[in-house]
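Trainee: Quick one: this structure, given as structure tokens, is what I'll be asking you about.
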Amino acid sequence: MKIVTYNVNGLRSRISQFGSLHKLLTSFDADIICLQETKLRRQELTADLAMADGYESYFSCTRTVDKGRTGYAGVATFCRVKSAFSSHEVALPIAAEEGFTGLLENSLNGKGEAHEGLEDFAKDDLLKVDNEGRCVVTDHGHFVLFNLYGPRAECDDAQRIQFKLTFYKILQKRWESLLLQERRIIVVGDLNIAPTALDRCDAGPDFEKNEFRRWFRSILVECGGPFNDVFRTKHPDRKEAFTCWPQNTGAEEFNYGSRIDHILCAGSCLHQEHDLQGHSFMNCHVMECDILTQYRRWKPGNSLRWKGGRSIKLEGSDHAPVLTRLLGIPDIAHHSTPTLSARYIPMIRGLQQTLVSVLMKRQVAEQSKSFEMSSSTSDENIRIEMCNERVKRSFENCSTSGVSHVESCPSDLESEGIASDTDIQSKGFANDAVCKTLLMSGSEHSQSAPSNGTKKKARKSQWSQLSLSCSQQDELNSSASTQDQCELNSCSLEKEKTNGALLEWRRIQQVMQNSIPLCKGHSEPCVARVVKKQGPNFGRRFYVCARAEGPASNSEANCGYFKWADSKSRHK
């Protein structure tokens, strides 16, 4: 059995990088794949993000808003199985839980109550550690698997430091409770802790005195704890074995990082002879553990240089996956996928469609669109025909009222450009006005007396209304022409402003380029940065060496040059 842990730094980005979720998962060729920092909210889970053929998935998403952010954490466990129902595969869990306190839905205790051993913690503290979407627990019969994304805390952020302490304190109590029940535990994930100086590129003399590093080492077998650090057990002296590199300094170019992604295991082996010396889950069932460096963004021999990070965008996560291989793990009793499975999430279950249904819906939509277009054309033809019919009737009314065809014939109207079929179709909204005018005219003729004086007045009224329609059409054409000319003038003026702004920006860039200092180590132009951390220098600009961060002993790495852009801070 193979287990992989990987901080993806955004599941959408990794799916885009590999082409699909299925391609991402199959690239590991692993039975259980634990992902951290998915950056997904529950309402954002869709089939393309959560479902892949041959895999069952279990998600934990952020439920709270931290400093205005949403979807900033999140973990997901994917299990490769042949069947999700009535299966005897170990990879398919018999139970799954979001969080580890027992208070969230689908808890392993099935009661929505705090797990045994956590009774002394306040309910608010328990909910707080689970609400950030940092853990999925899956029970695989022979062992319980914790997929973790540990909190990050800056040295000057007292609130997050306290949260991180509480998080690991509660977690340790949960582990102790399971071990008392003689359960085996495997912990994987980004714990955001580098335990020793060997696991950090720039570890100083006081590095290992950090309270979180002391806690991490206290749970290891070497210090009397129950857990094995699987990678260090297999590779006790390997140097520069890092899994994470800062994104904003180009440190990956010189492998200047830290090992914060871990696989831990605790408990007895599966053999019947428990009293045999040296038997443990680590010694009997863990075959290997290694860092999958082929997933690093910066590949060996890469000719591109970082140069401040502005001209190069490396594809991939800022973490590397870690793999372990287990041996001698037998099948378990038949069981089905737990209710936490993504297949039961309403948003996903309701939106899953077969390929045939998608194609059928597309065909129906195209037919509907075609019908609407034909209906629209038919309606337009009917409207035009009705209009022509009304015009025809109006002339007939004129004739029956005693007005001769010669005096009111369509040839006069056509000479005015009003009543021909071509004009009716081309003049758009003006057609209706003309038709109405003609109908009004016809109505007047049909109601008028058969006296000659009345006939003359009717004809004068008809032609005056037709002349009015023509003059209105001329005014509309004149207005449209004036508007077009204004738009041309406006576009020309806007283009001149854009060109002027572009020239000014180039001038400013040239001035800035001339004012950029050269670093002392390489005599190369520096890059400008801005202080984003709250404090007296917030927003202040400075210059640093443009090269990637690396060991001080490497002359090709960042030389450490620093200079403020101005002599004084804006804040006094």
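Each residue, glycine too, has its Cβ placed from N, Cα and C.
Caution: TrEMBL annotation is automatic and unverified by curators.
Sharing the record's features from TrEMBL:
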- N7, E37, D190, N192, D318, H319: Mg(2+) binding site (BINDING)
- Y149: active site (ACT_SITE)
- D190: active site, proton donor/acceptor (ACT_SITE)
- N192: site 'Transition state stabilizer' (SITE)
- H319: site 'Interaction with DNA substrate' (SITE)
- H319: active site, proton acceptor (ACT_SITE)
- 519-568: domain 'GRF-type' (DOMAIN)
Trainee: Around the Mg(2+) site formed by N7, E37, D190, N192, D318, H319, which additional residues qualify by having Cβ within 8 Å of the site's Cβ center?
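Mentor: Not counting the recorded site residues, we get N9, Q36, Y149, T243, C244, I260, D261, S317.
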Trainee: Among all the protein chains here, how many other CB atoms are within 10 A of the CB of N192 (Mg(2+) binding site)?
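Mentor: A 10 Å sphere around the Cβ of N192 (Mg(2+) binding site) contains 19 other Cβ atoms.
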Trainee: Rounded to an integer, what is the Cα-Cα distance in Å between Y149 (active site) and D190 (Mg(2+) binding site)?
Mentor: 5
Trainee: Let me know the most crowded of the binding-site residues, choosing from E37, D318 and counting other Cβ atoms within 10 Å.
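Mentor: The largest 10 Å Cβ neighbour count belongs to E37.
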Trainee: Looking only at the domain 'GRF-type' (519-568), how are its residues distributed among DSSP helix, strand and coil?
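Mentor: Summed by class, the stretch gives 0 helix, 12 strand, 38 coil.
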Trainee: Same chain only, sequence gap of 6 or more: which residues have a CB within under 8 Å of the CB of N7 (Mg(2+) binding site)?
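Mentor: The list for N7 (Mg(2+) binding site) reads L35, Q36, E37, Y149, G189, D190, C244, D261, S317, D318, H319, given in order along the sequence.
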Trainee: Let me spell it out: for each of the recorded positions (Y149, D190), count the other Cβ atoms within 10 Å of that residue's Cβ, using every protein chain shown. Which one has the most?
Mentor: D190
Trainee: How many other Cβ atoms are found within 10 Å of the Cβ atom of H319 (Mg(2+) binding site), counting all protein chains shown?
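Mentor: For H319 (Mg(2+) binding site), the 10 Å Cβ neighbour count is 25.
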Trainee: Within the domain 'GRF-type' (519-568) only, compute the mean pLDDT.
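Mentor: For the domain 'GRF-type' (519-568), the model's average pLDDT rounds to 84.
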